[in-house]
Amino acid sequence: MAQNPQSPPVATNDATHAPNDSDNAGQNTSNPHSRRPQGKGSRRVQKPLPKTSSGLKNAIKSKKPPGGFDKTPLPDAPPGYTLRFTFHYASNLPPADLSTASSDPFLTATLKASNPRRHKKDPDLVHRTRTIRRTTEPKWNEEWVVANVPRSGFSLKCRLYDEDTADHDDRLGNVTITVPQVFEKWKGIPPPGNEFEVEKRMMSKRAFLAKGITSLIHSDTHMTSRLCVSIEVIGRSDPPYAQMYTVGPTRWIKHFSPMIGRIIGTKVNKDEEHDQDGGPSRADNSSSEAGEKKSKSQKYDFQANEMQLQGPVPPELYHRYVEFRPIIGSMFSSKGIRGKILNMALHKQHNRVYNYDQSTEWGTFGPGSDEATLAFLRLAHFDEGGRIFTYVLTLDGLFRFTETGKEFGIDLLSKHTMHSNVETYIACSGEFFIRRLERPVASDDPKPNERTHPTDAISGGPPDEPPPSNPAYYQLFIDNDSGTYRPDKSILPKLKTFFERNFPNLGVITMHWEEEELQKLKEAQRNAKKLEGRMVNVVMNRSQSSISSAESELDDRDETWESGKKSKREAALAAVENPRTIRDAFKESMPVKKAEGVAA
């Protein structure tokens with residue numbers, strides 16, 4: 001039975017099962033020195049100096065930077081249970097917007113349990129509800145199904161917010177539900193659920209002030225808000241038991257940013273029917289009736305996509321960021337002044353790209369169905385325009401991707417860091433693109449015995465006609481091209497199996513990023529983009545609204561990232577952290593004098 005929400009949550013067991021570190025390199029063994037017999041005129045032989053320093057240097061050079069593919073297996077765990085959490089409604093929420101005396105409430109639910117983890121940095125499971133507009137009495141009635149919740153119970157923390165696009169989201173309060181034990185016959189909290197008091201101390205100052213004002217105006221209202229939640233046991237979960245994962249809902253989310261779209265030159269269809277069913281729009285139908293072909297009406301917009309796929313993600317898909325420079329570790333762990341600035345800037349960039357506002361679109365699909373495959377193809381715009389996408393797959397099966405490719409960057413930094421929201425561990429990352437076959441055979445052969453688009457001009461689809469809606473016409477080429485996490489080639493078969501299970505009747509082809517054939521296929525995509533769409537070669541942070549002191553650090557850092565030399569700002573920040581480095585910072589800020597006789 002759930003305890004009072006005001007009781008402290010159960011502490012999560014953060015017992016780490018970190019991968020074994022490699023042996024220390026550069027350890028030298030000294031051979032015993034022998035003496036030669038010396039005569040009267042003989043000299044004493046000098047002892048050879050041990051090559052300690054050079055051996056250590058060579059060992060360090062040959063050692064790979066920490067991170068990348070992590071072979072740590074999932075720990076052993078007893079069988080768990082599949083639970084259904086339902087977030088019914090909230091009542092008497094504070095009006096964060098005084099002008100309308102209402103809010104745009106949503107909640108995020110974070111589930112913590114005592115499952116043994118591979119690493120203490122493994123992310124918790126999080127679910128976000130839809131935003132209900134202009135109300136203080138939201139009714140979500142949203143379900144969240146999670147597998148492998150352990151017998152030892154869990155803590156569910158619900159954070160209520162008011163969505164504010166122009167500013168940061170206001171906190172409306174928290175509810176923490178702690179359950180000490182779960183078993184098969186546990187009654188749980190059956191529908192219609194229980195009401196829990198919202199903790200007012202976690203409310204933002206603006207929301208608390210607004211609530212106080214409305215309480216003074218309306219004497220019949222009180223300060224306490226309530227949240228109604230129900231929890232049910234569905235049954236025992238399937239292995240792997242140590243891996244909690246989201247079973248449902250499987251859904252898609254589209255985030256839009258017209259400003260970013262205009263900056264980078266990307267367009268989407270104004271008539272959403274082009275993306276909804278792959279068929280002709282109303283404008284195209286009217287044109288065909290008139291016997292004339294008209295170009296599709298498009299608008300500038302940047303689209304970021306999220307798909308919650310059904311777990312579990314194969315345990316072999318487990319990668320940590322690669323710490324190829326010391327600043328990378330500081331950035332991911334948010335340590336030191338430089339690391340905190342970079343971490344904050346990337347979180348801000350992620351929140352801008354995956355922004356929630358009134359234009360955000362939501363939808364659900366059946367897990368592992370043609371509906372799921374078609375939803376993915378719509379988000380990727382089928383085979384239109386020779387698009388290349390950058391993606392990240394999280395450990396909980398959240399598939400994030402945007403149209404980017406190598407032709408432009410995000411703040412001149414690794415795009416995968418932004419997509420993962422600076423997450424330490426993910427399942428996989430890389431790039432992908434869609435190719436259309438001449439016949440609907442769902443082939444996973446990279447060299448099928450038929451024409452493909454691109455590069456061939458095939459009738460019945462782009463660029464002159466709407467794309468067919470049968471998923472069997474398409475192939476998904478997905479790779480592991482990511483410098484941030486560097487997924488291993490050996491996991492590609494597991495990645496293929498995961499996407500084939502979630503996207504049936506789609507030809508899934510996984511390729512290693514170094515394969516020459518893959519580079520040729522990507523070049524064909526870029527050529528198709530030049531012919532059918534607009535080539536993009538700009539940087540996202542060139543708008544006045546997106547340039548800030550924090551994000552400019554990313555631009556400064558890009559020029560010196562691989563060379564190992566600190567930027568001027570980084571050297572100055574290092575001097576603030578450690579005054580002993582002021583002299584080095586001054587030297588790095590001075591121009592380098594050229595040697596005499598060397599041409600300029």
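FYI, residue positions are counted from 1 along the chain as it appears here.
Yeah, the Cβs are placed from backbone N, Cα and C, and that goes for glycine too.
TrEMBL: automatically predicted annotations, no manual curation.
The model shown is predicted, which means the values in this text are computed figures rather than measured ones.
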Residues flagged as coiled coil in TrEMBL, choosing from 139-169, 232-262, 325-355, 511-541: 511-541
Residue distribution over DSSP helix, strand and coil in the region 'Disordered' (439-472): 2 helix, 2 strand, 30 coil
Secondary structure content of the domain 'C2' (63-193), with strand meaning DSSP E or B: 0 helix, 65 strand, 66 coil
